[in-house]
Amino acid sequence: MISGARVWIFSAIGARALARLLVPCFAGLLAIAPAAAKGPDSLADLSATVQDAVVNISATQTIDPKSAHKGGPDSGPGGAPGTPFDDLFEEFFRRRQQGQGAPELPRPRKSSSLGSGFVIDPSGIIITNNHVVADANEVTVIFTDGQKLKAEILGKDQKVDVAVLKVKPEKPLKAVKFADSDKARVGDWVLAVGNPFGLGGSVTAGIISARNRNIDSGPYDNYIQTDASINKGNSGGPLFNLDGEVIGINTAILSPSGGSVGIGFATPSNTVEPVIEQLQKFGETRRGWLGVRIQKVDDAIAENLQLGHPRGALVAGVDDKGPSKSAGLKAGDVIVKFDGKPIKESRDLPKLVAATPVGKEVEVVIVRGGKEQAKAIKLGRLEDGEKVASNGSPDGGWAEKSVTQKTLGLELSSLSDELRNRFQIKDAVKSGVIITGVDPRSDAADKRLQAGEILLEINQEPIADPADAVKKVKALKDGGKKSALLIVANGQGDTHFVALNID
C-alpha cells in the first residue's frame, strides 16, 4: 500500500546521546583564528540550470476492499484478519447465510502519494526511489512547466531503493548526469531539489556532513549524510554538487518529529548507477554472489582466529549450492581481500560482491588457522542464490538422546525429536547439541544466546554430545585460554560465531 509520499523516517530513540563541551572563542593572546570557509555567494545560477530536470511524481494505487478479506470468514488462512473491512465482511457473509439483506460492500478506492525524481536521458528516462512507486498502479510525472506524462516502470530494486521510469515526451527533456560520488568530500556544498510536502519544486542547500553512513536499512548501506533540508516528498530527488551533477538520490531522514532536523541521507551515485543500468537493460538486477553468510569480527573473535586485530568478514556459513562451496571456503574463514580490494569490515564485502559481474572469476584472500590463503571463485548470481535459499533443505537425521550438561552458562541437551518439535528446528540442522537454557548472569546471556539454538562447534571442532562440549571447554581452560569461539545455529540452520569468556 502507498501510505503517502515520504522519506523514510528513522527514530532517534536509542541513539547514543552526544555530550559537547563549550570551547572558548580564544585560546590565548598568541592564537590566530583560521580564516572562515567561504561558501558560494549564490546558488541561483545552479538552481536555474538543474531545476527543469527535476520532476514531481504522483503514484496512485487502487485498493480493492475485496482483497482485504479473501472470501469471508470461512475462507481459511487466505484471509487478512485485522483489516479495516474485517467486521463489514463478516457481517455481509453472516447476513447472506441467514437470508437477510446484505449491507453494501465498500467500493475500491484510490490512494496517492507524492515524491520526486530526475531525468537522466532526454528521451524520457527518469529516476526515483523504489518506495515512491513500489505498489503503484499508475505513475504520473509532473514537470516544472506543468506538463503531466504517464510513466512506465522499467524496473525497480528494493535493496538500494531505486526505480527507473520511462515517459514519452513530445520533445527532448532537460537531463542531468551522475557524478563520481567517491570524489565527494565531507564539507563539500550540495543542493537538494525536490517536492517536499507536495509543494512543488523546492531548492535547499547544505554540506556533506559524513560519508559511508550505515542506517541498517539494507545490505548495501553507504549513505551520504547531508544537512541540506530534506522532508517528506523529497524521496527520489537528486542531491547535486556545485557542478550540477547528481552525487546521490535523497532517500531517508533521521527525525524524531517527521520533519527535517538537518540529518538527511542520499544513496551515492556510484551505488545506484550500476543498478540503474541493469534495470534499463534487463528490467531486473544481476548482482554477483559468493554464497556465504558473514558476520562482524570483534576483538574476541579476532583473538581466537589469530587475526591480530578485528578485520575482514567472518564466514558464518557456506551455501551448499553456492560458488564458495566448490572453491573450498569453510565456516570460520575470514575474508580479508576480495578481487584485490581489502575488506576492512564485514559490511564492505556485500557491496563489492554485488557490484562485480556475474560469472567473473575473482581472487578471494582468506585467513584460516592464522595464515592467509588465496582462493579463485567464479561468482554466481545473487538472485539465483536467493531462490535456492528460499527452497530450504530436505536433509534430515536426528539423534534420539536426552543427556544434559552445563558449561559456559549454557544448559546443553542432545538432539531429540521432542526437542526438535518443541523448538521448531528444521531438518536441515543435523548435528550439534541444543541449548535448552541460559544462565541470565552469564556471558552467554550478555551475548544473547537463547534456548532453541544449536551449538555446532567449539574452537572449530564439532560437538558430538553435551559431554563433549564440557570436555572441550575444560581443555581450553586448562590450556590457559580466556575465551571459547562457538559456532551456533538457529532453528533455520543459519549460523553465526560467538566468543564466550571462560570462567
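Using the three backbone atoms N, Cα and C, a Cβ is placed for every residue, glycine included.
Remember, TrEMBL labels are computer predictions, not curated facts.
The signal peptide annotation in TrEMBL covers 1-37.
Annotation source TrEMBL lists region 'Disordered' at 61-81.
Per TrEMBL, the feature substrate binding site maps to His131, Asp161, Gly233, Asn234, Ser235.
The feature active site, charge relay system is assigned by TrEMBL to His131 (among others).
If you look up TrEMBL, you'll see Asp161 (among others) marked as active site, charge relay system. Reduced to three states, the DSSP call for Asp161 (substrate binding site) is coil.
Look at Ser235 (substrate binding site): DSSP puts it in coil. For Ser235 (substrate binding site), the count of additional Cβ atoms within 10 Å of its Cβ stands at 31 [all protein chains shown]. Summarising the annotation, TrEMBL assigns active site, charge relay system to Ser235 (among others).
The feature domain 'PDZ' is assigned by TrEMBL to 279-370 (among others). Look at the domain 'PDZ' (279-370): DSSP puts its residues at 22 helix, 27 strand, 43 coil.
Summarising the annotation, TrEMBL assigns domain 'PDZ' to 376-491 (among others).
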_If you pair up every Cα among His131, Asp161, Gly233, Asn234, Ser235, the residues annotated as binding substrate, what's the maximum separation in angstrom, rounded to an integer?_
15
*Surrounding CB atoms that lie within 10 Å of the CB of Gly233 (substrate binding site), all protein chains*: 26
*What count of other C-beta atoms do you get within 10 angstroms of the C-beta of Asp161 (substrate binding site), across all chains shown?*
25
_Just to be sure I understand, if DSSP states are collapsed into helix, strand and coil, how many residues of the domain 'PDZ' (376-491) fall in each?_
34 helix, 33 strand, 49 coil
*Coarse DSSP state, helix versus strand versus coil, of His131 (substrate binding site)*: helix
*asked:* Let me check the 10 A CB neighbour count of Asn234 (substrate binding site). How many other CB atoms are there?
replied: 32
